[in-house]
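Notes for the one structure printed next.
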Amino acid sequence: MHYYRYSNAEVSCWYKYLLFSYNIVFWLAGMAFLAAGLWAWSEKGVLSDLTKVTGLHGLDPVVLVLVVGIVMFTLGFAGCVGALRENICLLKFFCGTIVFIFLLELAVAVLAVLFQDWVRDKVKEFFENNIKSYRDDIDLQNLIDSLQKINHCCGAQGPDDWDFNIYFNCSSESKSREKCGVPFSCCIPDPAQKVVNTQCGYDVRKKSKNQWDDQIFIKGCIVALEAWLPRNIYVVAGVFIAISLLQIFGIFLARTLISDIEAVKAGNAF
């Protein structure tokens, strides 16, 4: 590595250490995500048997945490070292990756608006696949339960979607005690109960459908999310704009520092 110090051309310390400070946050956050993900996997025994990752047909939330952690750690490391060592290759890698992620976010947002029916079908398919794996992974189970409780919903399109799960299926072949029921997170909470009744959904779908709404949520989670989005459009837009501005700011700092370093090198050539 080379340092360039000249009276007529210098790398701006302001941009250099501002970019370093910008990236150290992401680097530390990335390490925290990685540590949390690896700890969760160790608790589930995945680290001792990695085949459990491929054996799950639904989404393991820990995988998402680890992917985010790896991306943040890598970008933060490249940005920190690139800024301190004035390394153009690392800075270009950092800048190019941020640009790629930014363009990918824009593309996803545009496609989600233009192809709403296709997105809805894919979300439905994704949700149904995770319903099938509800009992296979504790983190996935907690994620679905939280989604249903927060949004007061049950299943992708409705409670009957729980027929996709072998434990809640109403078929005569099923020997599960949860047969023809729904998870407790589908139940309408009773304010008088201080202890959660995890068996409240047992046998509920054996009753006639006009009796369901007294005991469980009958609205599907896709419908609930579609209703939630217009009510919170300003919050969603604000988060998207804030993330975009942070990315643009990082791109600006990296490009400015790269230009300074190249100017110093050009000055040295003469």
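Glycine is treated like the rest: Cβ placed from N, Cα and C.
No curator has checked TrEMBL annotations; they are predicted automatically.
Annotated transmembrane segment per TrEMBL: 20-42 (among others), in sequence order. Under 8 Å from some Cβ of the transmembrane segment (20-42) lie the Cβ atoms of residues 62-63, 65-66, 68-80, 83-84, 94, 139, 249-250, 253, all in the same chain and six or more residues away from its ends.
Under the heading transmembrane segment, TrEMBL lists 62-84 (among others). Listed as Cβ neighbours of the transmembrane segment (62-84) (distance under 8 Å, sequence separation of 6 or more from its ends, same chain) are residues 16-17, 19-20, 22-38, 40-41, 44, 46, 53, 90-91, 93-94, 97-98, 101, 139, 250, 254, 257.
Remote same-chain residues near the transmembrane segment (91-115) are listed as 23, 71, 75, 78-79, 82-83, 240, 243-244, 247-248, 250-251, 254-255, 257-258, 261 (criterion: CB distance under 8 Å, separation of at least six residues from the stretch ends). As annotated by TrEMBL, transmembrane segment applies to 91-115 (among others).
What TrEMBL lists as disulfide bond is CYS153-CYS186 (among others). Counting only same-chain residues at least 6 apart in sequence, those with a Cβ under 8 Å from the Cβ of CYS153 (disulfide bond) are LEU147, CYS186, PHE217, LYS219, GLY220, CYS221, VAL223, ALA224.
Around CYS154 (disulfide bond), the same-chain residues at least 6 positions away in sequence with a Cβ under 8 Å from its Cβ are GLN148, ASP161, TRP162, VAL182, SER185, CYS186, ILE216, PHE217, ILE218, LYS219, GLY220, CYS221. Positions annotated as disulfide bond by TrEMBL: CYS154-CYS170 (among others).
The transmembrane segment annotation in TrEMBL covers 233-254 (among others).
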Distant-in-sequence Cβ neighbours of CYS170 (disulfide bond), under 8 Å, six or more positions away: ASP163, LYS179, CYS180, ARG205, LYS206
Number of Cβ atoms other than its own within 10 Å, given for CYS186 (disulfide bond): 28
